[in-house]
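> Got these off Swiss-Prot a minute ago, pasting:
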BINDING   52-53, Gln130, 176-178, Glu196, Arg201, 242-243, 263-267, 273-274, Tyr322, Gly492  NAD(+) binding site
ACT_SITE  Cys410  active site
Amino acid sequence: MDKRHDPSRRIIAPHGSQLSCKSWLTEAPMRMLMNNLHPDVAERPEDLVVYGGIGRAARDWDCYDKIIEVLKRLEDDETLLVQSGKPVGVFRTHADAPRVLIANSNLVPHWANWEHFNELDKQGLAMYGQMTAGSWIYIGTQGIVQGTYETFVSVAKQHFGGISKGKWILTGGLGGMGGAQTLAGTMAGFSVLACEVDETRIDFRLRTRYVDKKATSLDEALAMIEAANQAGKPVSVGLLANAADVFAELVKRGITPDVVTDQTSAHDPLNGYLPQGWTMAQAADMRKTDEAAVVKAAKASMAVQVQAMLDLQAAGAATLDYGNNIRQMAFETGVKNAFDFPGFVPAYIRPLFCEGIGPFRWVALSGDPEDIYKTDAKVKELIPDNPHLHNWLDMARERIAFQGLPARICWVGLKDRARLAQAFNEMVKNGELSAPIVIGRDHLDSGSVASPNRETESMLDGSDAVSDWPLLNALLNTASGATWVSLHHGGGVGMGFSQHSGVVIVCDGTETAAKRVGRVLWNDPATGVMRHADAGYEIAKNCAKEQGLDLPMLKD
């Protein structure tokens with residue numbers, strides 16, 4: 001019997017202002033854990049899988065039940081420790097300490113690979129937490145939409161003079177992360193053709209308005225893209241097909257998209273990527289009987305896809321890796337120039353990271369969408385001179401369907417996070433919001449991750465693989481009084497390729513929350529400015545000086 005599989009489970013987080021726990025500081029992690037497994041949020045909630053291959057919220061259902069039980073009894077001077085999705089201890093701390101500390105998927109470096117992890121996973125000794133799956137702050141696909149939108153806007157600026165009309169993006173994957181590409185692309189003015197092997201994922205994206213149309217053949221999909229481009233109105237198409245097949249076929253036909261990327265779950269060749277010519281049922285059976293054959297076939301298909309991406313780049317397409325480690329997998333399979341196209345962070349996002357700008361997100365614990373709309377208005381009020389941000393908030397309200405508890409994401413930095421959070425806390429205090437707000441972020445942020453093939457690729461000083469920074473980030477957020485803090489390994493790019501930390505804090509309207517929020521949401525993005533200033537980025541150095549950061553080794 002698989003203790004991780006229970007199709008009878010249907011998890012819905014409580015709404016409203018009535019507590020199930022002893023305070024909002026423990027109610028919040030309980031609701032957010034449950035929200036990660038909401039049927040409209042998680043990819044396979046019956047298996048505790050939230051997104052990203054096998055990214056889980058808890059190790060098994062017994063562990064999930066025990067976490068909920070402990071959170072309901074946890075006092076406001078106690079801290080729950082969670083080890084790879086398993087609640088292992090409750091300790092007396094103090095009121096300003098985190099209520100939950102989480103460590104997921106961490107392995108001693110020599111053993112930090114999928115083979116060793118999968119053995120531990122099969123024995124029930126580990127859990128893959130991805131980034132926000134095991135840290136209980138996943139908000140559905142919206143969580144990556146703005147970052148993807150910002151990337152595509154930057155692509156348009158760098159390659160097409162800021163004009164995306166009549167241009168189209170080829171990509172793969174419509175899972176929890178990849179599903180953002182279609183909506184983000186059309187928001188940025190591009191048409192998007194996204195390949196996906198799982199028809200249920202395409203149908204889900206249609207239902208939640210992330211995809212406009214479904215196609216079952218490449219010719220049909222290309223006709224949809226061509227018609228939309230002729231009409232000057234972007235369209236997103238989910239094509240039921242294997243990305244490796246489609247990418248290679250476009251090369252064969254001499255058809256060159258304007259932009260090429262990919263967000264299949266290539267980081268996990270065993271569980272996340274379907275080999276060419278295989279059915280999903282065949283892959284599921286083979287994973288039980290011959291894991292090595294699955295991995296070998298998946299990586300061979302990735303090599304085909306990456307070679308096609310290189311060929312399309314040579315034909316003129318703006319080609320980028322979107323952080324799923326597909327280049328590494330292809331490189332290991334013989335594509336020696338796999339890294340000839342850049343990752344999206346060094347190519348398009350790093351200047352934002354230098355100012356601590358990243359994926360700031362918040363969730364209405366009330367379950368009331370009006371609480372989010374009121375906070376949207378507050379963001380506009382406090383940041384009046386940023387039309388790009390205002391446009392994002394308007395588009396998000398109009399086009400993004402909430403999944404589970406209502407949430408919002410917007411990319412803001414060191415200058416704004418703490419003051420926005422304190423304003424939200426004041427709104428809770430004054431009764432403008434019907435219940436507290438939780439504020440968190442993706443682990444993909446400026447100071448919270450070491451990932452040489454993604455966030456820290458091609459650092460100015462060569463410090464791509466130095467992982468002291470996310471450890472310091474987690475320690476500082478703990479010391480600053482965050483409500484829960486997490487430290488993970490392998491998110492986004494797979495085992496052995498990343499370490500990263502997460503933070504969540506509750507705005508419950510109290511004065512103590514205002515103080516904690518001020519510390520945490522200043523210090524957290526400040527570590528990103530610190531990390532990039534230390535690496536020699538002038539934008540970060542200037543930001544540090546302007547904001548008065550005390551960085552002892554920063555020269556005037």
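Glycine too: its Cβ is placed from the backbone N, Cα and C atoms.
How buried are these features, and what lies next to them?
In this view, Ala243 (NAD(+) binding site) is surrounded by 31 other Cβ atoms within 10 Å of its Cβ, with every protein chain counted. Under the DSSP three-state reduction, Ala243 (NAD(+) binding site) is assigned to helix.
The secondary structure of Cys410 (active site), as reduced to three states from DSSP, is extended strand. Take the CB of Cys410 (active site) and look out to 10 A: across all protein chains shown you find 21 other CB atoms.
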> Which ones in the same chain are close to Glu196 (NAD(+) binding site), with CB under 8 Å and 6+ residues apart in sequence?
Gly172, Gly173, Leu174, Gly178, Ile202, Gly238, Leu239, Leu240, Ala241
> What are the non-local neighbours of Tyr273 (NAD(+) binding site), defined as same-chain residues 6+ apart in sequence with CB under 8 A from its CB?
Thr264, Ser265, Ala266, Ala298, Ser301, Met302
> To see if you understand the setup: which same-chain residues, six or more apart in sequence, place their Cβ under 8 Å from that of Gly176 (NAD(+) binding site)?
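Spatial neighbours, sequence-distant, of Gly176 (NAD(+) binding site): Glu43, Val50, Tyr51, Gly52, Gly55, Tyr138, Gly140, Thr141.
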